[in-house]
Amino acid sequence: MSAGSAVTGVGSTGRAGGGVVRAVARRPLGVVCVAWLGLLVLACLLAGWLGSSPQEQDLEAVYSGPSAAHWLGTDQLGRDLLSRVLHGGRVSLLVVGVALAVHVVLGVVLGLVAGYRRGLVDRIVSRLADLLLSAPAVVILLVVLAVFPHNEAAAMTTLGVLSSAGLARVVRASAIRVREEPYVAAATVAGLGTVRILVRHVLPAVAGPVISLVSLVAGSALLVEASLGFLGLGTQPPEPSWGGLIADASQAIYRQPWMLVPTGGVVAVTAVACALLGDVVRDATDDRATGEPLSWRRMRTRVVARESREPAALCLLSVRDLTVRLADGTPVVDGVDFDVAAGQALGLVGESGCGKTMAVSGVLRLLPPGATVDAATITFDGRETLGLTEREMVGVRGRGIGYIGQDPVASLDPLFTVGDQLVEAVRHHTGATRRQARAKALELLAAVRLPDPAAVAARYPHELSGGMAQRVSIARALAGEPRLLIADEPTTALDVTVQAEILDLLRDLRSRTGMALVLVTHDWGVVADTCDTAVVMYAGQVVENTGVAEVFAAPRHPYTEALLAANPAAAEPGSRLPVLPGAVPAPGHWPTGCRFALRCPHVTTECVAAPIQSTSDTAGAVSRCLHPRAGART
Amino acid sequence: MNLLEIAGLGVRYRDHQALTGVSLAVPPNTTVGLVGESGSGKTTLGRAVLGLVPVAEGVIRLAGRDITHLRGRARRGLSGQVQVVFQNPYLSFNPSRTIGQAVAEPLTLAGLRPAQLRGRVDAMLDRVGLDRSAADRYPSRFSGGQLQRIAIARALMPGPRLLICDEAVSALDLSVQAHVLNLLADLQAEQGLSYLFITHDLAVVRHIADRVVVLRRGEVVEAGPVEQVCSTDPDVPRHPYTRALLAAAPVPDPAEQARRRALRAAPAQEGPVPCES
């Protein structure tokens, strides 16, 4: 990369950091730090016009404390300390600026080129960085000062070069991450040159870490500069420098201790301001990831039992009027009813944002912090779970209801072998000895039809394929011998052939153990394959609850009908797919009447007038529609 | 003449042969579906055409021109002919640049005045069914389906003849997917585009593709017209792997699924206990 492009690169750091600047400006600590540094720089620049010359001696007032004539007192020759601090700052801040400029330019350019180009360039830059990081900085600085006596600029340039290795590493790591982003690939395909891609797409992503690291380096560069001055290696008297001023003050520490306050203070406060600014920038750029810390009480899910409604008799799980609200009060599930009989497989279908996952998480009471579960009843195995304490609920989860999620590899702890994790689960649920638990773990792995259970047990999660990992997480869910398994999109991340195997396995487990299944999915094919009943959700509500054969043959709710029709598997190849206008209304923006009304081709005025109640027909099929479609579909 | 022609393509990653001897052709105004499971090399093939991975052997020709090893300025010159839409719409946009900037990106080097550029962006946003005000907003304000339309808009800006869709509808909900599939079909009819449609979803391929190429472990196992390769008729002669893929993909029909399960030789089932309520 040429020097010209390096300059463009640095120039755009500030532009790209616009978001960071705004975020810092919102934090009081950030504002204070920036204000101090800004005022200091301004005062040093204007030092010539502010008060007396730094060399002007007032021999009648040597070693004076703060006074009207000398705001910060005077030194051993009666020179004004304020003036000397500000004039000294011009030199000190200038050379610190030189060190930082070298640090940033070298670090950013080398890091970007190494991280984005990879290959030989990367290897050379990385080795060079290792070399610089292992070099003894103090010794090298002393050598440089021996060659260029009292040349602070040379010393600080050297410091900038030495410290740039750390920055180059940080930038390189960020650049490697960003270059894999699809938007960078899209920019490459769009015909953008390397320099443009680096400036537009890579630099903004590395700006946060760069700014926070640079502000830390600024603080330490300032201290190094002051130390050189203190040791007499930097600017020579009578020219003032911050390190020299501290040296003068330390010699007079018994005669006039005050001298140390302004001279040492300005260095200390400035270094602290730089370091704090780094912290603020880091926090500001992390903002999106970490929210307000919640208290333990708020972390818990609040449970409200409404006036009781009779649960369905003889059902394993009976849910009535389940409502889930997030911490900010937004309802995401609204009045959901469903029943699961022993051994039955129920499919919970709908598009993203319809509340499927939140509904099952509400049953398990595993919700985001601060959420509220509010229901008439959630009866599991003849027992009302709404009144259970958190501790009792732990017993229900796992031993009564097992759970598997969408990403099997992520659901396993990467630090422990499959065997360890299963043994832990078995011991938690049954209190078995380690030996018994290990035997049981191997049994479980065999039960999910993994060939060679002992070998699989010795592996770590990252050594498993997606299908194997999902079998392992099913095995772990089976450790408590649950009567109900809740599977949230268990095959979405898997290949079709592996999906078929997992679905067959679930079917087989149900027939062998009589376990019931609640399967959350968006895939009608999976519902057709595995489920006995289908519960279709839309905008937080159940809009249809029917047997699987009926739902495909004669859907009742227009949403079910539309969703089935949108499936290319059911359409004539090459034809236009029937589409719905608009999108699923977001939680908190649900209309009062029928929530599907805006997108429904059969909408009438009464649909939007008032909330639509669920009705069940003679066959027991439930739908939430004034004009059910049953039989209308050809 | 074929728009895209690949002959004997081989791609090697450090210790792993990702593609071996792959040949396929995309005629003008045609959709070729490239199907396979994870690790089959289908994404690698798309990236090789785009010049994002180095090619070890074989030839890639675009409109008769050998583009296999084009680099630098010559490769960038292809941006007007080949474009791409990726799977994850949320990761396809730089979060710190507006939609207008992102859509205008492929025309960076075209030397247009800002007003002209803005006009082109507005027209393209109209075409994919988004409001013009979208241009001033950031990607975080849009849903996955909207972002995927915007990704299509960005890809179509330089007027390419070939669009590589790498799992472009796989992350979308059914109703959103239907919108995007219809949009792709309309654009093809209007502009005579060709698609290399990379996906694992056989239902989507059967719906949109004219020809299908099935990849397995970096090799082509079967290629042909869609009605032949993806035929629902089990007697049409096909490669056993293609048959296995088709049989494994569940269809929204319980009776058909029961039949397929029986073919997969699953053990006999008892019916569920009825739920009395």
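Using N, Cα and C of the backbone, Cβ positions are placed for all residues, glycine too.
Quantities reported herein were computed from a predicted structural model and do not represent experimental measurements.
Here TrEMBL flags A:89-278 as domain 'ABC transmembrane type-1'.
What TrEMBL lists as domain 'ABC transporter' is A:317-564.
What TrEMBL records for A:29-50 (among others) is transmembrane segment.
Residues or ranges marked as transmembrane segment by TrEMBL: A:91-116 (among others).
Within its own chain, the transmembrane segment (A:128-148) has Cβ neighbours under 8 Å at 110, 154-155, 158-159, 161-166, 168-169, 224, 228, 233, counting only residues six or more beyond its boundaries. If you look up TrEMBL, you'll see A:128-148 (among others) marked as transmembrane segment.
Taken from TrEMBL, the feature transmembrane segment applies to A:154-171 (among others). Beyond the ends of the transmembrane segment (A:154-171), by six or more residues, the same chain brings 95-96, 98-104, 106-108, 110-112, 114-115, 125-126, 128-133, 135, 137, 140-141, 144-145, 147-148, 206, 209-210, 213-214, 217, 220-221, 224-225, 228, 233-234 to within a C-beta distance below 8 angstroms of the stretch.
Feature annotation from TrEMBL assigns transmembrane segment to A:209-233 (among others).
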Determine which residues of the chain contact the transmembrane segment (A:209-233) at the Cβ level, with the cut-off under 8 Å and only residues 6 or more beyond its ends counted.
13, 17, 20, 92, 95-96, 99-100, 103-104, 107-108, 141-142, 145, 150, 152, 155-156, 159-160, 163, 166-167, 170-171, 174, 241-247, 250, 267, 270-275, 277-279, 281-282, 285
Quick one: mean pLDDT on the domain 'ABC transporter' (A:317-564)?
91
Give the nonlocal contacts of the transmembrane segment (A:91-116) in its own chain as ranges (CB under 8 Å, at least six residues past its ends).
1, 6, 9-10, 13, 40-41, 44, 122, 125-126, 128-129, 152-153, 155-157, 159-161, 163-176, 179, 194, 197-198, 202-203, 206, 210, 214, 217-218, 221-222, 225-226, 229, 235, 239-243
